[in-house]
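Noted in Swiss-Prot for the protein shown:
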type	residues	note
COMPBIAS	95-105	compositional bias 'Acidic residues'
MOD_RES	501	phosphoserine
REGION	77-116	region 'Disordered'
ZN_FING	199-250	zinc finger
ZN_FING	429-489	zinc finger
């Protein structure tokens, strides 16, 4: 209770009145208004009658209560995240209206300090929100937004031209939206150690003894004391603290949707075209005068800083197809990962890129002949039950394009040709396939041919080295017999005569 004296209150008595009211009334902090009220109370009252002094003291107390009520409604708890509004001054006896968060704070009188407790608390990281929404409400809102974005992306894909770059980008965007939606629907999946960032799918590594280098900060990853992740798509390795600093998307998406090589040998454009900055992280680089050394990538021809170019060595596809040069050259980290993912993809059509290569590299001619024979053997295996049960075609599962065409090559194929490995392995597979067709399987033997020109010799097959195949009817002949008869096919002549007889023979309606 406030102690009111009948005498003129001195400074200490006024201070006691203010302190009692402060203790009896909880508030959030001391502001300029409260300090002003305290200063007014501490001012000695003039002399006069006891009744007059009592009325003045009561009036001051009522005025203080009104100001304190307005102060409470004008300020929020400083531990809330959002700073509260302040109301306009109201006269005595007026009803205080509700204050909405949209109302602005009034300006304080000159000379009074600003009240900034909420901001200071937020800066210190001490703010709390005890009235936040449940996690499920945020999840439902995000799921609804993702579903709406997926539907809009579908509509955009249907409206864009077929096989256009914008349509491909929209398809990639749709895939990422679906993955994000699936992650939100299954937040408690069995793989909590996977993080998706910029098309990277990082998996938390469990190895503690293998020493690796972070691809972001270019420092050693100490597995015993540091957490690190590896991208399952491009094998990008980094510390857990460096995940949010990654700015380059995963190159596996580029391999999936734009699988092609740069076939110009070191297409340099100069540092001025890069604005004297790293082609990947945009850090300032130069050939001299700056701490970061400019390093050129032999694949892209661009310049990189020492953090993005570690002087890694790789075989350049353009030098292979044009010069048959397999010497490793220095490339950037991004090009290194891209070439590593592309090494087994058959995207090189050598006959169109460099047709003279088959004239100078004999191994390529042998490989092409073996691939053509395997394509001729494929129909036998598809229609043979024993071959399908034995899964003979799986002998080429590492090079699936060998059973699809004889024109496409991968960089790994050319590396194996240069090393002499591909010719030996392909010859063994060719021998195994021919043995099944000509010796082991009676059904495949029954599908052989007899030379209709000489009608002598063994059963012929289209993949035999001494045979020729008619381009029109696929009949097989001895090579010498076929060219001695001026490449005329008796089967084609017989089929043409049969067609003519069918057209010339009159029907029963014509004779009647």
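Positions of Cβ are set from backbone N, Cα and C atoms, glycine also.
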Inset, instruction - Let me know the model's mean pLDDT on the zinc finger (199-250). - result: 78
Inset, instruction - Using DSSP, tally how many residues of the zinc finger (429-489) sit in helix, strand and coil. - result: 22 helix, 8 strand, 31 coil
Legend entry - For the zinc finger (199-250), the number of residues DSSP places in helix, strand and coil: 6 helix, 16 strand, 30 coil
